[in-house]
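The ATP binding site annotation in Swiss-Prot covers G112, T113, H114, G115, K116, T117, T118 and is backed by sequence analysis.
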Amino acid sequence: MKDQVKQIHFVGIGGVGMAGIAEVCLNLGFTVSGSDLKENPTVRHLISLGALIQFNHDASHVKNSDVVVVSTAIAKDNPEVCFAKESRIPVIPRAAMLAELMRMRFGIAIAGTHGKTTTTSLASAILTEGGLDPTFVIGGKLNQFDSNARLGSSQYLIAEADESDASFLHLSPMMSVVTNIDEDHMETYQGDYANLEQTFIEFIHRLPFYGVAIVCIDDQNIQNMLPKLSRKIRTYGFSESADIRATEVLHQGLSMHFNVKANDLPEFSVVLNQPGKHNVLNALAAITVALELDVSIESIQKALAGFGGVGRRFEVYPSRSIGHKNVTLVDDYGHHPTELEATLSTARMAFPEKRLVLVFQPHRYSRTRDLFDEFVQALQHADLLVLLDVYPAGEAPIAAFDSKALLQAMRLRGHKENLHVESQQQLNELTETLLLDDDVVLVMGAGDVGQLARDWKQQAY
C-alpha cells in the first residue's frame, strides 16, 4: 500500500475509532492529516506524533491526500468529502482502512453489542504479556499503554469490530469473537432483529474455512444462531457446555477470582483486576483467544492480575471532593439498559452498604424510544438518579421519549428518588445538596457527560 499511498487524510480524526487507525498509520510511516471541529486529548496526542490536524472542515485540507477516510458521523455534503470525490481521490469508510491494515496481518476481530472494548483490551494485554507483541486498535484507551492503538512488531492485529453501522463486514479476520448480541442500533437493521442476526452470521462467515469463531454460549441469541454457522466454533461462558468456562467465581473488592476449565488443559486459577461477572465473561473471551494462539497460562494469569483497565469502563477514583462531599467517583461509558444493569450490579458488589448515585445522560432519542421500558427498569436500581438531557448525537428531539418522559415513567412505578437537570452546570450547582459523604457517584453515558467526569476527577470543589 505504501507504494501507492503517501498521505492519508481522516475527516473527523478526533473520534476514538478514527484516531486509533490514524495512530497506527503514523507509526507505519504514512503522512497523516486530519480535521475535526474541536480539540481533545486524543487529537493532541496525534499532533504530538506528527499528524497535521486542522480544526475546521475545508476542501483545501485534502488537496495533497491520496485517500480520504471518513466515519459514519461525517455528513455526505462535508466540503472535504465533496472535494475529494470531485478530484477523484478515493473516499473510504473507517472500517475499510482497518480492513486494509488487517489484510496484511493475522486479524483478530472482536465484536458484540456489549463488552467488546474491554475484551479487545484484555486480549491485547494478554498477547503483549505473552510476547506476541500485537498491533491493536481499540474503541477506548488501554490505560497501561495510555493509548487506544499501538503498532506491534508481530503478525497479529487485534481490533474492535463495530456492528453499529454493519461496517465490521469490511473485515476479513482469521479469528472472530462475538461477546453477545442485543438489540441496539436497530435503525441500521430496519428495526428487525432477523437482519441484525443475519449480519452477525455474515461477519462470522467472513472468516476463512480454517479460521475460528469464539462465542459466548451463555448468550441466548448466540445459542439460537449457532446452528446457522459453518465455521469452527469455540465457546466460552459459565455454562457447563462451554469449551472454556469459569468456575468458583468470587467477587473481592474491585477484582474477580475464578478458575478456568478447558477441555484439553488442566484447571487454573485467575485473578482479574476488574470487578463484575460480565468482566469474567470478557476475560474468558480473551483467554480463549490467547489459548488458541498458544499463549502460556502464566502469561494469561500475569496479564489479568495486572490489567490496568480501560478509559471510561468502570474507572474508579476514590476520595474525590465533589460539592464539598467526600465521595467515590466511577466513570463509565455504558449507555444501554443491559450495560446500566451490569454496572449498577457491579457497583453494589464492589461498594456494599454505600449509597449509589447515578448521573446518567441518555444517548440518542431513537435508542431511548426503542428501549424505553428497559431503561425505566434498569435505572430503578440506583438509590438516587440524576438524569441529564438526552445527548442527541445529531438526531432531532422526540418529546415523548426524552429524559422527562423517563422520569415520569419511573415515578409512576414508585421510584421517587430521581430528578432531571437540564445542564451539567446546573448539576454542579446542586451537588452540595444532593450528595452525602461516602456516596458512590456513577457517571454514565456515551455523550459529553464524560467531560463532567473528567472535570470532577481533576478538581475538587
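Note that Cβ sites are derived from N, Cα and C of the backbone, with glycine treated the same way.
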Number of other Cβ atoms within 10 Å of the Cβ of T117 (ATP binding site) across all protein chains: 24
Neighbour-count leader, CB within 10 A, binding-site residues: H114, K116: K116
Neighbourhood of T113 (ATP binding site), C-beta criterion under 8 angstroms, separation at least six: E163, T179, N180, I181, D182, E183, D184, H336, T338
For T118 (ATP binding site): intrachain residues, at least 6 apart, with Cβ closer than 8 Å: G140, Q274, N279, N282, V310, R313
Around the Cβ of G112 (ATP binding site), the count of other Cβ atoms that are within 10 Å: 25
Around the Cβ of G115 (ATP binding site), the count of other Cβ atoms that are within 10 Å: 23
For T117 (ATP binding site): DSSP state (helix, strand, coil): helix
